[in-house]
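A.B. asks: Pulled these features from Swiss-Prot for this protein:
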COMPBIAS  18-36  compositional bias 'Basic residues'
COMPBIAS  223-237  compositional bias 'Polar residues'
MOD_RES   S949  phosphoserine
TOPO_DOM  1-95  topological domain 'Cytoplasmic'
TOPO_DOM  161-296  topological domain 'Cytoplasmic'
TOPO_DOM  347-778  topological domain 'Cytoplasmic'
TOPO_DOM  830-849  topological domain 'Cytoplasmic'
TOPO_DOM  945-957  topological domain 'Cytoplasmic'
TOPO_DOM  1013-1029  topological domain 'Cytoplasmic'
TRANSMEM  96-116  transmembrane segment
TRANSMEM  140-160  transmembrane segment
TRANSMEM  297-316  transmembrane segment
TRANSMEM  329-346  transmembrane segment
TRANSMEM  779-798  transmembrane segment
TRANSMEM  809-829  transmembrane segment
TRANSMEM  850-872  transmembrane segment
TRANSMEM  925-944  transmembrane segment
TRANSMEM  958-976  transmembrane segment
TRANSMEM  992-1012  transmembrane segment
Amino acid sequence: MGLWGKKGTVAPHDQSPRRRPKKGLIKKKMVKREKQKRNMEELKKEVVMDDHKLTLEELSTKYSVDLTKGHSHQRAKEILTRGGPNTVTPPPTTPEWVKFCKQLFGGFSLLLWTGAILCFVAYSIQIYFNEEPTKDNLYLSIVLSVVVIVTGCFSYYQEAKSSKIMESFKNMVPQQALVIRGGEKMQINVQEVVLGDLVEIKGGDRVPADLRLISAQGCKVDNSSLTGESEPQSRSPDFTHENPLETRNICFFSTNCVEGTARGIVIATGDSTVMGRIASLTSGLAVGQTPIAAEIEHFIHLITVVAVFLGVTFFALSLLLGYGWLEAIIFLIGIIVANVPEGLLATVTVCLTLTAKRMARKNCLVKNLEAVETLGSTSTICSDKTGTLTQNRMTVAHMWFDMTVYEADTTEEQTGKTFTKSSDTWFMLARIAGLCNRADFKANQEILPIAKRATTGDASESALLKFIEQSYSSVAEMREKNPKVAEIPFNSTNKYQMSIHLREDSSQTHVLMMKGAPERILEFCSTFLLNGQEYSMNDEMKEAFQNAYLELGGLGERVLGFCFLNLPSSFSKGFPFNTDEINFPMDNLCFVGLISMIDPPRAAVPDAVSKCRSAGIKVIMVTGDHPITAKAIAKGVGIISEGTETAEEVAARLKIPISKVDASAAKAIVVHGAELKDIQSKQLDQILQNHPEIVFARTSPQQKLIIVEGCQRLGAVVAVTGDGVNDSPALKKADIGIAMGISGSDVSKQAADMILLDDNFASIVTGVEEGRLIFDNLKKSIMYTLTSNIPEITPFLMFIILGIPLPLGTITILCIDLGTDMVPAISLAYESAESDIMKRLPRNPKTDNLVNHRLIGMAYGQIGMIQALAGFFTYFVILAENGFRPVDLLGIRLHWEDKYLNDLEDSYGQQWTYEQRKVVEFTCQTAFFVTIVVVQWADLIISKTRRNSLFQQGMRNKVLIFGILEETLLAAFLSYTPGMDVALRMYPLKITWWLCAIPYSILIFVYDEIRKLLIRQHPDGWVERETYY
């Protein structure tokens, strides 16, 4: 049996690669893929090892090592040659040029490149067959290429800080390790540590490999980055737990030794360590496409289908109408390019960037632009507990003295004014908590509030120190008046801490003070303090103690007991107290009370969880902490709502076995990590489907990953929060990984898509709102942009079908798409949310697309058609004013385009030269362009909302007002600036020609207000089903 114990699991020290016979290339690839898949499945399995169960003799035999002298130098060299260095294999990284190419040629850019190439092809055909071709298609090709390159560079720059997960794993590796080889202690590079090496660690060291301890003195390790446990964990040679992650005789690679010393045997190195497996798991995970990327891909397919369909239809139609095949090809290319919204790529990029900047101001740092929108699609949030839902600092929550439970202040401000302080018992309790305490404030922090001051010492002692400093008096003064003369530090065997102090009165005697596990403290006591008076311990007191202990423990709080003894006068000042061979009394102490501590919820979290619930988002707690604590916090923040019961609580209330509880009666469930170990996918799916309120406690990194995959399997868009190394696989696998900026490890930050700078869960809800808003606003922006496609395409179609002079040229289309439409489209990114944004269910990425048939129907079939009518109305008005009635324009195209025909007659017999005709044609094209700008005013205003009336939403978006002014001034500038007739073929217009479009603008506004009114009055009615995009 290997180190991992079970068949089908990876043995960490089986580090020699197996040889395979050479096979064909295709088969090799298939084998490789299958192997990768199998490896990933094995990585997801729980850590299985038996080294923690072995006796020292068995350990010595297994690794062929002397437990006092270690390996010989020769033996260590052989193992190093065979097993390889003690390093974590870095994953293959994507080269920067590949990332840049993805920005330049991926997604929407591909559509624009296609447009640019088609334009160039059209220009080449014109050059080949015409003596003096127009250069419109060449200009269009160049402009499209520039647009793609500029926006590609911009996007690459925004996402240049891509995640390099293994960098921080490298940083975590200690450089030197102290090993014993051939009976001698020696410092070696950590890469040279081998399986079976005898290693020594001390406080402040990082553990160089996975170790099985054979001896330890007061050793504590910080496993928080690996298991999520906030308290330092004691380490000893004893086998204390079946689970290798929880037993005390294993130390894990790259965790920190906080205090004490230990000696151990290396049982895994490099990739085979628990941390190495997490690294492999994180870097080997396949990351899916972001919802917004999928939406843009869907949009491209849609636009491409529409463009090709129209292009091919009119190519066939132009051939039927008698055009030559070359002209028909030019038409085909022209129609396809006219369908490409050139400005949309830049608009989407700028919208996402603006939102990312806005979120950064709200403490959400977005590493991947597309993650902004993903957060808005989120339907499930798997949140870590410590530091995300809680304040990440132990705080005194309750006290029990004088037979009464008192509540302390756990708010983030901590005023400490919530209970009576007149009792002598409280006076004694405060003194013990302050004196029998090794924590201290760091220097030069007097100006900071007590709650914000940094301390030395463990979390519980620091909590007591701050609490006494706030609620009683200066601890430093108290310690000065009562100097410590002897101490027994807390250890996991004794489960108490004892200190002896000189009394501050003039008696020159000592007081012994003790704190520790309540049941242990009670064993030392024969009396108790009640209202300052000492009484003999009795059954009533013991029962009251037991009830208080159970009540506070049931709240998920860490409870400590406190007692004291005034030592007799024979132990006066100068007595040599010996804590190794006890020479003073340690029995018949006086019990004072209990103090309980908890890492309290953040103030803003309950409201944030409530907002998630009303927004249809399921919040699941996934923590490495104890189930009782996890459940208490879940109830405190509303993940388990008031009145909701678990199966255990229903069973207790009805006094029936759990097996008889109706599953539908228990809406909430607390799942222990041990239960998840052997659970099947179907059973996990049932838990996730049947319980709206879920807490997973004591989970391992692999289990967090399995939970995320389970949610995704059920179709959820999953956001995961985490701060430890243990969270990084789940962060990477999630649709959006959210790391903690303050408490987060480097690994978690680099596996994540987004970082919460203030570590606050409430910031996620802000992010969800921003994500939904950007999706709404992108929809509005696309709706606005696509609408002008119809008045851009129809002139070309009428030019082919009706044979009229071209109403709108290529250059003027570019002026709309990359000029007048850009700022207004971007201004919609600044639009504030509609009132229902956090009250509707999360969008379904499969059905609720960014661009759906209803949006296309509105943009192309309704608003776009009104705009096209406006354009043609202006076009025919100008030509009529110049003598060409609409009916006489039909079929005039060939004569109109004939350069050698200089006596073309209008409806009134006036003759027009080719030059004169072109001036009128370009004036009409300028007027058509201006008309589109005027009707786009109305389109922009109606795009502000999808359901609400403009009168509900208001006109508070100043950027949008600026957008209307900008497009109007730009249109005027292009029309009236001298020289534009040569540069862009734009001519000055009469003021009355600007007014032709006003009635159509009013029509668009009134039409859309009536549509939205019908949607509001008849939810789920025909109008909503067909037009609510």
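Sequential numbering from 1, following the chain as shown.
Every residue, even glycine, has its Cβ placed from backbone N, Cα and C.
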A.B. asks: Out of 297-316, 809-829, 850-872, 958-976, which stretch touches the transmembrane segment (992-1012) the most, going by CB pairs under 8 Å?
C.D. replies: 850-872
A.B. asks: Find the member of 96-116, 140-160, 809-829 that has more C-beta pairs under 8 Å to the transmembrane segment (297-316) than any other listed stretch.
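C.D. replies: Counting Cβ pairs under 8 Å, the winner is 96-116.
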A.B. asks: Under 8 Å, at least 3 Cβ pairs, sequence separation 6 or more: does that hold for the transmembrane segment (850-872) versus the transmembrane segment (779-798)?
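C.D. replies: Output yes: the transmembrane segment (850-872) sits against the transmembrane segment (779-798).
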A.B. asks: What residues elsewhere in the chain lie close to the transmembrane segment (140-160), defined as a C-beta under 8 angstroms and at least 6 residues from its ends?
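C.D. replies: Counting only partners 6 or more residues beyond its ends, the transmembrane segment (140-160) has Cβ contacts under 8 Å with 99-100, 103-104, 109, 112-113, 115-117, 119-120, 123, 337, 340, 342-343, 345-346, 349, 353, 356, 367-369, 810, 814, 818.
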A.B. asks: Show which residues of the chain containing S949 (phosphoserine), separated from it by at least 6 in sequence, have their CB under 8 Å from its CB.
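C.D. replies: Within the chain, S949 (phosphoserine) has Cβ neighbours under 8 Å at E1009, K1012, L1013, R1016.
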A.B. asks: Using DSSP and three states only, what is S949 (phosphoserine)?
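C.D. replies: The residue in question, S949 (phosphoserine), is coil (DSSP, three-state).
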A.B. asks: May I ask for the residues of the chain that lie six or more residues beyond the topological domain 'Cytoplasmic' (945-957) and have a Cβ under 8 Å from a Cβ within it?
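C.D. replies: Residues packing against the topological domain 'Cytoplasmic' (945-957) from afar: 776, 779-780, 827, 830-832, 834-836, 1005, 1009, 1012-1013, 1015-1016, 1028-1029.
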A.B. asks: Same chain, outside the topological domain 'Cytoplasmic' (1013-1029) by at least 6, Cβ under 8 Å from its Cβ: which residues?
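C.D. replies: Distal contacts: 779, 783, 852, 854-855, 857-858, 862, 946-949.
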A.B. asks: By Cβ distance under 8 Å, which residues at least 6 away from the ends of the topological domain 'Cytoplasmic' (830-849) in the same chain are close to it?
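C.D. replies: Same-chain residues near the topological domain 'Cytoplasmic' (830-849) but 6 or more away: 291, 294-295, 298-299, 354, 376-379, 611, 614-617, 715, 717, 768-769, 772-773, 775-777, 780, 944-948, 952-953, 956-960.
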